[in-house]
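Chemist: Quick one: the structure is below, and I'll ask about it shortly.
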Amino acid sequence: MDDPYHNNVNQQVTEGGEYTYTQDGGGQDGYPYQTDYPPQEEDAASDATEGADEDEQMYEGEYQGVPHPDEIKEARRAARAEARRKARQAAQQEEEEENLPEQYETIMEDCGHGRFQWMLFFVLGLALMADGVDGFVVGFVLPSAEKDMCISNADKGLLGLLVYVAMMVGALVWGGLCDKMGRRKCLIYVLTIDLVFSFLSCFAQGYGFFLFFRFCSGFGIGGSIPIVYTYFTEFLQMDKRGEHLSWLCMFWMLGGLYASFTAWGIIPHYGWGFAIGSEFQMHSWRLYILVCLFPALAALVGIIFMPESPRFLLENARHDEAWMILRQVHDTNWKAKGEPERVFTVTNIKTPQTQEDEFIEIQSETGTAFQRWTVRHVTMLQQVMANVMSLSAPELRLQGLFLVIVWFCLAFSYHGLGVWFPDMIKYMQYEEYESKVRVFHRERVERFHFNFSLVNQIHREGEYVHDKFANIEIKSVKFESSLFENCYFEDIKSTNTFFENCTLKNTVFYNTDLWQEKFKNCRMENTTFLHPKKGCHLNFQEENDIVIYMVSFLGSLAVLPGNIISALFMDKIGRIRIIGGSMLASSACTFLLLLSFSQGAVICWQCLFYGASVAAWNGLEVISVELYPSSKRGTAFGILNGLCKFAAIVASFIFAAFIGVTKIIPIFLAFAALVCGGLVALKLPETREKILS
């Protein structure tokens, strides 16, 4: 059947290959139509020929809410087009992200390894050294600080706990921020916070302020390790990473040596200080804290002159800044090698397609600076949290779980035994001291002048009548059920001295540090306390035993052979064998602790354990920065380092609880953790030939 509409149409072909349709009849001119105009459907043509009004026509399925077939087709076409666009964009982004690591590795090889890396090595090493120093400071000053500020045993434990908690929080926070704000900027913030609050802690006279300042200092320096390793890794080429990151680990050892040596030389010298009246005391342990600030101060000055990581800049689409820094690295190295004519030939660096900047600025005139600051930092926090959640992606989940287990096991055993060694030595010293105690029973002393020190004695049911105690020191003395009548105490310095169930009649205490708290269940009749000494007695010759400094010094020095071996073989035998072999060897060393029957034996096995386990630390830190992509490297390392601090807190409580009870349980726990971690480490992927993703 012929269509009357098509019978009146003539088709012509123009020179350009376009079709022109001319409708005959009615005296109207022809209308040109381009070929890309969608052809009419048959139903539409039929409606036109029948003269039906489109507005009056209604699709019968509309009553039932069923969409028109044309709408379905159009929606499907749009969905397919959007899917193709996203697929092309994803393929292009994946290709660019794959090309960036390879190109960046090529650029770093072209820049070479030379003067620039060594300058950055020493600057970042000082920052790592500052972290090592902070790990020892509290333990060294605590014996003096607890006497100076009358810190109880409970408060003393709280100080050590809060410092580790602060370092754990600092690792988590700064590790995440350095992936968003930059490695260099965050490291400057970290060192500045540590310097300011450590400096203030030197002058804190009250325990509350001292605790707060040390907490803030720990929060700052706790972020140094994740930033330092992430920062330095991104300036190293693949065949240099393992060796030079292992050499960098030596600075933590140098921090321990510096802290031990300076404590040994400064703290016992009580005269190295000054006082302003009776309220402000600047003793030698406070000067020691000041001296411990030098590594952090030197690192801060040095990092100001260092550039930002170019890899971080490229990941954030800051191409020009990254190019300038890479050229600086290239020119610095080759000029130092005597080839200044070598030109940096890189002209274009492929950068991954990043999301648009999510920092929201309030553009309205009513928006205040505080509102803009709040929005900016809240958005940054959201980005950091999104980065943390992305670490649970399937491709990162399994290796992340293995790393968590290895980090926890190594930190648990290392820090647990790190607490057990010095506490065990102190316990042995205490047992030896207790074995030499002198006991006096029912002695009667009348009209006698005590002008000599009383040390390590117990007096039971004694009677002291018209006696004088003047200008003497009473150390570790206990008076039980004794009578003091018409006695006179003047200029007394006491340490660990108590009166229990005693009776004091007509007795005077003048200018002594014998507080009423030292009299337990005592009956006093006409007893007077005149001009009592404020503060607690400091006896540096007795309280600061050089054995503790020597133990820390030798323990830090013992890791030197392990550091050298791990640095030389990290790139030759691989990270996995270093970690697994070191942890299994350390587990064997723990059994030797069963033979520690003297202080010398404990020190010997401590040095052996530290020397064997340090290689595992080096390998673990190297593999942790190599496994994760650059956009998540700081976040992941911060979480792992925060987990390390958490394991240290748990281990310190568990291991300290068995001091003087049994050696078997701490040794078994350390052995089990090291074996478990060493076997799991063998399941980690090898990264010595892996390009930084």
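Keep in mind that glycine also has a Cβ here, set from the backbone N, Cα and C atoms.
Quantities reported herein were computed from a predicted structural model and do not represent experimental measurements.
Pasting the relevant annotations from TrEMBL:
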type     : residues : note
COMPBIAS : 39-59    : compositional bias 'Acidic residues'
COMPBIAS : 68-84    : compositional bias 'Basic and acidic residues'
DOMAIN   : 120-688  : domain 'Major facilitator superfamily (MFS) profile'
REGION   : 1-100    : region 'Disordered'
TRANSMEM : 118-145  : transmembrane segment
TRANSMEM : 157-174  : transmembrane segment
TRANSMEM : 186-206  : transmembrane segment
TRANSMEM : 212-232  : transmembrane segment
TRANSMEM : 244-267  : transmembrane segment
TRANSMEM : 287-306  : transmembrane segment
TRANSMEM : 400-421  : transmembrane segment
TRANSMEM : 546-569  : transmembrane segment
TRANSMEM : 576-597  : transmembrane segment
TRANSMEM : 603-623  : transmembrane segment
TRANSMEM : 635-658  : transmembrane segment
TRANSMEM : 664-682  : transmembrane segment
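Would you situate these features in the structure and describe their surroundings?
Modeler: Within the chain carrying the transmembrane segment (212-232), a Cβ under 8 angstroms from the stretch's Cβ atoms is held by residues 120-121, 124, 127-128, 130-131, 134, 138, 159, 162-171, 173-175, 177-178, 183-184, 186-187, 189-194, 197-198, 200-201, 204, 244-245, 248, 296, 309, 621, 624-625, 633-634, 637-638, 641, 645, all 6 or more beyond its ends.
Cβ atoms under 8 Å from those of the transmembrane segment (576-597) belong to residues 406, 409-410, 413, 417, 424, 562, 566, 569-570, 605, 608-609, 612-616, 618-620, 623, 663-664, 667, 670-671, 674-675, 677-679, 681-682, 684-686 of the same chain, restricted to positions at least 6 beyond its ends.
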Chemist: Would you kindly list the residues that approach the transmembrane segment (635-658) from elsewhere in its chain, counting only those six or more residues past its ends and only Cβ-Cβ distances under 8 Å?
Modeler: 160-161, 164-165, 167-169, 171-176, 178-179, 222-223, 225-226, 229-230, 384, 387-388, 391, 400, 403-404, 407-408, 410-413, 415-417, 419-420, 423, 624-625, 627-628, 665-666, 669
Chemist: Using a cut-off of under 8 Å between C-beta atoms, tell me which stretch among 157-174, 603-623, 664-682 contacts the transmembrane segment (186-206) the most.
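Modeler: Counting Cβ pairs under 8 Å, the winner is 157-174.
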Chemist: Give me the stretch from 400-421, 546-569, 603-623 with the greatest number of Cβ pairs under 8 Å to the transmembrane segment (664-682).
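Modeler: Maximum Cβ contact count belongs to 400-421.
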Chemist: Within the domain 'Major facilitator superfamily (MFS) profile' (120-688) only, compute the mean pLDDT.
Modeler: 82
Chemist: With DSSP as the reference, give the number of residues of the compositional bias 'Basic and acidic residues' (68-84) in helix, strand and coil.
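Modeler: The breakdown for the compositional bias 'Basic and acidic residues' (68-84) reads 16 helix, 0 strand, 1 coil.
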